[in-house]
Amino acid sequence: MGAESVWASGLLVLWLLLLVSGDQDTQDTTTTEKGLHMLKSGSGPIQAALAELVALPCFFTLQPRQSPLGDIPRIKWTKVQTASGQRQDLPILVAKDNVVRVAKGWQGRVSLPAYPRHRANATLLLGPLRASDSGLYRCQVVKGIEDEQDLVTLEVTGVVFHYRAARDRYALTFAEAQEACHLSSATIAAPRHLQAAFEDGFDNCDAGWLSDRTVRYPITQSRPGCYGDRSSLPGVRSYGRRDPQELYDVYCFARELGGEVFYVGPARRLTLAGARALCQRQGAALASVGQLHLAWHEGLDQCDPGWLADGSVRYPIQTPRRRCGGSAPGVRTVYRFANRTGFPAPGARFDAYCFRAHHHTPQRGDSEIPSSGDEGEIVSAEGPPAPELKPRLGEQEVITPDFQEPLVSSGEDEPLDLTRTQASQETLASTPGGPTLASWLLTGVTSSTGVPSPSSLGVDMEETTPSGTQVAPTPTMRRGRFKGLNGRHFQQQGPEDQLLEAAEASAQPPTLEVTADHMGPSAATEALESDQSHSPWAILTNEVDVPGAGSLGSRSLPESRKWSPSLISPSTVPSTDSTPGLKPGADEAPGVKSAIHHPPWLPSEPAVPSSIPSEALSAVSLQASPGDGSPDFPIVAMLRAPKLWLLPHSTLVPNVSPIPLSPASPLPSSVPEEQAVRPVSFGAEDPETPFQTTMAAPGEASHGSPEADSIEIEGISSMQATKHPISGPWASLDSSNVTVNPVPSDAGILGTESGVLDLPGSPTSDGQATVDMVLATWLPLPGHGLDTGSQSTPMEAHGVTMSVEPTVALEGGATKDPMEATMDVVPSTVDATSGSEPKSSISSTHVVVTAAGDQGTPTLTPTSSEGQVVAQESLGTLTSLPSHPWSSLASSMDEVASVSSGEPTRLWDIPSTLIPVSLGLDESDLKVVAESPGLEGFWEEVASGQEDPTDPCENNPCLHGGTCRTNGTMYGCSCDQGYAGENCEIDIDDCLCSPCENGGTCIDEVNGFICLCLPSYGGNLCEKDTEGCDRGWHKFQGHCYRYFAHRRAWEDAERDCRRRAGHLTSVHSPEEHKFINSFGHENSWIGLNDRTVERDFQWTDNTGLQYENWREKQPDNFFAGGEDCVVMVAHENGRWNDVPCNYNLPYVCKKGTVLCGPPPAVENASLVGVRKVKYNVHATVRYQCDEGFSQHHVATIRCRSNGKWDRPQIVCTKPRRSHRMRRHHHHPHRHHKPRKEHRKHKRHPAEDWEKDEGDFC
């Protein structure tokens, strides 16, 4: 293609020359009237392909009459461009009297080939063409006062694009690369095409095949892992000619469109097959990748991903805007995976780009005008596998969004984030007559920095329907129109009363964000009936525009949210992650955004569970709060089930009757913020005594723990409390200010005992301490009675261990042990009945929840620390009560019931100690301390300033000269350098941190270290560079290096290095190897060779072979004695390979640093300043003549790169006597020439065309 285009351009120029000669012989009579006449071209725009040559014609005629010498025609070529709404002429070249001057930026690309022989032919030869060369060109000819000009339009066709196979990166052989370009309506690009695209700013860090079987890629801005052809400089990097079977990507070149590409955006997006069919119905076909790039090149701008013929999804961007293609124009690709590989699945739904041949090419502005502003981007996240569920009573059918696969868009500043989440599935057995359980929609926490574990977003539990019961779905559909990115609306179906929001993924520590939206009983769990095993979930994060949707119609989703629901089927107790009617409190930590979904459906009547195992104790949440940085207190962890808070005053507990929820009585969509708790009744075993569950809002989360809010809390939801901050310093707390109250109830509930100290205003507090002990109570089995008034058996011990090990044994299955937590706590009082006051404590409680009996009723088995069973009452309830003064919990409900209050039998009187807590969580190695109420006295003593009268520094416990410093009863040692430890008893090695710079050797001594510096370095740490390198050379560890990009054979390269007082580089350490390899990114010669003795490799600078870095199975002497020289292979991190010495490659020279000795002495002169022994390269010294002598010539000399000084030019002489100077001053015999003859030549006035020479070289 290149040779043909050059010949065509040459023939065009020849034809133009013949044309002008004929025109000059047959001039019109009107032409003779003017001295200058421009032969204007009447044809249309000139089209030429990228990287080719083009001739822009410019002819004029001259009247053959005599004219002054100054009337020589002046020719000027300019490019007309528009800037700020005004036309500007960009100079290209000027020519006059066979002198041509080319403007900067056009040198080497433009010429006037016919002008030297035919001064009336100013045809401009331009090339190799770039895409930016398209535009309007002006040829202007000026002769005297006559001025003629002509305009020529140039259109550069063709575009270079990178193509990656669908299956993976670097997956194409050379033959496959050619075929891929052919299927994309293009050809494989030539090196000149890629070079032209690079010169226009094309940057792509993917190696791809070119037509000459080389592999290259263009880099306009070097960055780690993506370098140009030279170190940290832009260029097209080449791997050279490669084996055709090697695998790379490919660069394609599309030349002409030959039709039109148009965008198809139906109301409902299409699968790949649907997109093909839709284009065929419109008399077109899916556009190819090359056709879309050509359409983009011609002005197509559409911020909507669409299917193409090869199964990829792309969209063209002309005007970059926020969340629409990144910061630069181009064709963006939507990849399936986050590493920019894979095409979307054929079943995914997008719009389409169709191509219709032999139609008018769309002009700029024909496409749909994109809307401006902060518009959304298309985000897709793959959700959990969707089990085949049938809609339950009161449920609605929810249609999944159109996107079916996770998608990541390439080339964007704000990438389409993707997080794949899978949820484990549990199948719960159900017997006839059991309750109909609703699926609870839980929002999980995802992080963009990684892929969460399969269970990180909850547990999928398959719903079951009682046998013989048929539940018909009652779908009530609505169609929501989501405003698109340039005016159109995406169509999405969903339930009327359900708006699903998402947890925002962030690269920062995960933040729990759950949406508190109204979900009435009619808005039940999604019923997904799909043939696929995986049903991804996605939303369109655009502005929500749903007409007629009530108050939710004008809501806008956050900018970049993703959601992936998890389904939970609770057995008898719902998860606290889905608490109705809660809003985050005003005093919650800013790092936690709390919101809860309403339960989608609740039974209208109490139902009796039957043989349903419950994973009640399934998760424990660990949160650590770093506090405010106070040094007085350690970081305290919170081991809790639900996050329950304490009240410092007495309040009331609401006694709410069961609330049957039905479609006629939906929950309110909003709850006042002061109503922190809303009780919800569920059906229990006894229809007459439904158990009551009250769920509390989550508490404040940790700001410093990466694990905060990353573990879901399930199955613990029968305590009721609200949190109130406790003001005042820690030392003023007493037991009356810390209160925990379980809710007394006749029904079986799952409870916790929680102790929280929340001290946000304390100047000495380092956070908050929470100690939660998980206990459980169950209703008696049928046929058994329980005396609720019976007295409990007192059990007490002090300073013992509380072990909470949730263990669930499923009927007929293996025991599951999801979490264990062990904690040492102070004694706790436990009442074995549900109505009496606390009177004693248990020493150690090992809680095991198992399925007991035929009916699978879970029982609680507390055991003592000695292993004996303390209490095992499957027919009773076990309620944990604190030993603090009683108080009640608060709720702003209308119906309230007073909880009896009283004083405990005894108060804690254990000595105040800090008891360590070991958290048995795999995700955390945090060791913290919990507090006992007895800490009050300890901190009061500290606050009062009491201390041991004995001075701890009296005997100076610090060793090795350390200084003892006291702080009350505590002391600390300030150690001298080289020592560490509590008493400065550890002699540390100062050289472990490598303090010596520039390759210096560190030697550890008794009280410090010393550095042995390499030559040319000095200072205590070898930080001073005492010797330098010549210009263009780089210094590293005492030597100077220089990379030469021009190619030579090995012997010629060594000879060139020796001319520069060096050798081909030698390598003696990994650090030096890394430094040398950073110069160029092509294979380069080094000084290693075995030319003298086979297999005996030596360096040319005669240094020893101390370090080797050969490629695998090298050296191999492949050419049987012809591989005697060594090259650094660039694409293998500079590993060595022996090759024939006649290869022409770049090379690196190495030489020592250079210094000059004392400057040479000059007669009758001395140096200015202090005389030194050594001088760096390029140093300059000045001489001054002694007193009584006059200076002649230059007084300075310079130290050259060869270590030698310039020859001094200064001459100091004594002045002659004045009378002798006067005697020889006048020479009467010498005849002076007339002044006229000494006059300089008259300077010619500057021509007007020379005024533009400031723009030219």
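Keep in mind that glycine also has a Cβ here, set from the backbone N, Cα and C atoms.
For reference, Swiss-Prot has these:
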- 1-22: signal peptide (SIGNAL)
- N121: N-linked glycosylation site (CARBOHYD)
- 159-254: domain 'Link 1' (DOMAIN)
- N339: N-linked glycosylation site (CARBOHYD)
- S380: O-linked glycosylation site (CARBOHYD)
- S410: O-linked glycosylation site (CARBOHYD)
- N737: N-linked glycosylation site (CARBOHYD)
- S944: O-linked glycosylation site (CARBOHYD)
- N967: N-linked glycosylation site (CARBOHYD)
- 987-1023: domain 'EGF-like 2' (DOMAIN)
- N1164: N-linked glycosylation site (CARBOHYD)
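N967 (N-linked glycosylation site) and N339 (N-linked glycosylation site) have their C-alpha atoms 56 Å apart, to the nearest angstrom. If you take the C-beta of N1164 (N-linked glycosylation site) and look for same-chain residues 6 or more apart in sequence within under 8 angstroms, you find C1185, D1186, F1189, C1212, T1213. When Cβ atoms from all protein chains are considered, those within 10 Å of N339 (N-linked glycosylation site) total 10, not counting its own.
Under the DSSP three-state reduction, N121 (N-linked glycosylation site) is assigned to strand. N1164 (N-linked glycosylation site) carries neither a helix nor a strand DSSP state and counts as coil.
If you measure from the Cα atom of N121 (N-linked glycosylation site) to that of N339 (N-linked glycosylation site), you get 56 Å. Under the DSSP three-state reduction, N339 (N-linked glycosylation site) is assigned to coil, being neither helix nor strand. Of the listed glycosylation sites, namely N121, N967, the sparsest CB environment within 10 A is found at N967.
DSSP assigns N967 (N-linked glycosylation site) to a strand in the three-state reduction. Summarised by DSSP class, the composition of the domain 'Link 1' (159-254) is 19 helix, 34 strand, 43 coil.
Secondary structure counts, DSSP: the domain 'EGF-like 2' (987-1023) has 4 helix, 13 strand, 20 coil.
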